[in-house]
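So that you can see what the record holds, here are the features copied from Swiss-Prot:
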- Lys69: active site, proton acceptor (ACT_SITE)
- Ser16, Lys17, Ser18, Thr65, Asn90, Asp105, Tyr210: shikimate binding site (BINDING)
- Gly125, Ser126, Gly127, Gly128, Ser129, Leu208, Gly230: NADP(+) binding site (BINDING)
Amino acid sequence: MKLKSFGVFGNPIKHSKSPLIHNACFLTFQKKLGFLGHYHPILLPLESHIKNEFLHLGLSGANVTLPFKERAFQICDKIKGIALECGAVNTLVLENDELVGYNTDALGFYLSLKQKNYQNALILGSGGSAKALACELKKQGLEVSVLNRSARGLDFFQRLGCDCFMEPPKSAFDLIINATSASLNNELPLNKEVLKGYFKEGQLAYDLAYGFLTPFLSLAKELEIPFQDGKDMLIYQAALSFEKFSASQIPYSKAFEVMRSVF
């Protein structure tokens, strides 16, 4: 049986559960796919050229995580779907010798929400994940605000119709989303007292990090407000990516079931 290689580019990458859940799917569906896929974690030096690495490693597809999602958008031969709007790519697929970029973070995040009746959201951070979330939430009719410590990237959100801030706005928000990398450094993304104020008036604290109780989620738990980590988003975006890797032979719902069973 033919072997195909896949992977996930990131820095850091050792925390990623993507190899676990994708390899479970490649094993489960190998007969239907007609090939055996193997999915590797790939630690990419910050200065690396993603496309060169992808081709050098002979990959058929890959996911892209922190901090490469915006750079991945720039190196694709073709961009499809909502990735065109959000300027960030988390899924790369070799299609007819062209490197095609997709974004499954956007829909993956929305599918992971247990309820869908939020009116507005505050996104902390302005990177590739934040862009994907803002695009999807705007598409779903929410008012979106973005708070970032610097002006970097905020022009994108302004063009999207988001309210942008470099200082914490004095407003209440239903959804407070941590899309920064602070949790990976075991830090809060924002001043503790300011965050407490948002949590006390909010309906859900959501951290894109997964696998441990982050300082962000720990504070929400302490204040007894609903909170959610990024585990379900990871599985949904991975299942949507797997559908692309399988050339749509395996619907994301089937991939999700397998991935959920192992993680």
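Positions of Cβ are set from backbone N, Cα and C atoms, glycine also.
Bear in mind that the values here come from a model prediction, so they are computed numbers and not experimental data.
Cα to Cα, Asn90 (shikimate binding site) and Gly127 (NADP(+) binding site) are separated by 12 Å.
Distance from the CA of Thr65 (shikimate binding site) to the CA of Gly230 (NADP(+) binding site) is 13 Å. In terms of Cα distance, the recorded positions that sit within 10 Å of Gly128 (NADP(+) binding site) are Thr65, Lys69, chosen from Lys17, Ser18, Thr65, Lys69, Tyr210. A straight line from the CA of Ser16 (shikimate binding site) to the CA of Gly125 (NADP(+) binding site) spans 20 Å. Closest to Lys69 (active site, proton acceptor) by Cα-Cα distance, out of the binding-site residues Lys17, Ser126, Ser129, Leu208, is Ser129.
Among the residues the record lists as binding shikimate, namely Ser16, Lys17, Ser18, Thr65, Asn90, Asp105, Tyr210, the two farthest apart have Cα atoms separated by 17 Å. Within the same chain, the residues at least 6 positions away from Ser129 (NADP(+) binding site) whose Cβ sits under 8 Å from its Cβ are Leu66, Lys69, Ala88, Asp105, Ala179, Leu208, listed in sequence order.
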